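Everything on this sheet refers to the single structure shown next.
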There are 2 protein chains.
Amino acid sequence: MEGFNIDYIEIIGLTAAVLTTTAFLPQVYQTWKTKDVSALSLPMLLIFFIGILFWLVYGILQKSLSMIFANSITILSSFLLVYFKIKYSKRS
Amino acid sequence: MEGFNIDYIEIIGLTAAVLTTTAFLPQVYQTWKTKDVSALSLPMLLIFFIGILFWLVYGILQKSLSMIFANSITILSSFLLVYFKIKYSKRS
């Protein structure tokens, strides 16, 4: 991709990206499947979501393909957790 | 710090670092306090731990203060979760 350098450093970063985003997905799946959001704290989810937003901006400014890739996926995952928390909390 | 650039990009990164590491700590505290590790999956914790290790190496190679700071703390947190999972799983 133009402007992006895929060297050995970026391969380490992309490995990191795949591992940490993969580790996060089962939580999203489990929450969606069980609708059990009792163990999730809304303030913590919001802090995490805003944190990931900052990481994404940081990655874009640093032109880091790994960080843009990882944080684009994780921001979606964490948005879904916030959404599930609000949606399923109302029921109980 | 020598070799590190603290500019506005790094301030965004450090903000991200504080937010995401902060959001992670209550999980560690809760697990330590309740000793309830049933919701934690060992393979996922290990994948996450190895992922963070890769992020730390990536941050060092990129000379990113924010990533070194964030991932040094998160690698400790995730190591503790792996440790708790192994330690408290044996009891039940």
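Cβ atoms are placed via backbone N, Cα and C, with glycine included.
Residues 64-67, 69-70, 73-74, 77 of the same chain, all 6+ positions outside the transmembrane segment (A:6-25), place their C-beta atoms under 8 angstroms from a C-beta of that stretch. Feature annotation from TrEMBL assigns transmembrane segment to A:6-25 (among others).
The transmembrane segment feature in TrEMBL is assigned to A:37-58 (among others).
When Cβ-Cβ distances below 8 Å are used as the criterion, the transmembrane segment (A:64-84) is approached by residues 1, 4-6, 10, 13-14, 16-17, 20-21, 24-25, 27-28, 31-32, 35, 37, 40, 42, 45-46, 48-49, 52-53, 55-56, 58 of the same chain, each at least six residues removed from its ends. Taken from TrEMBL, the feature transmembrane segment covers A:64-84 (among others).
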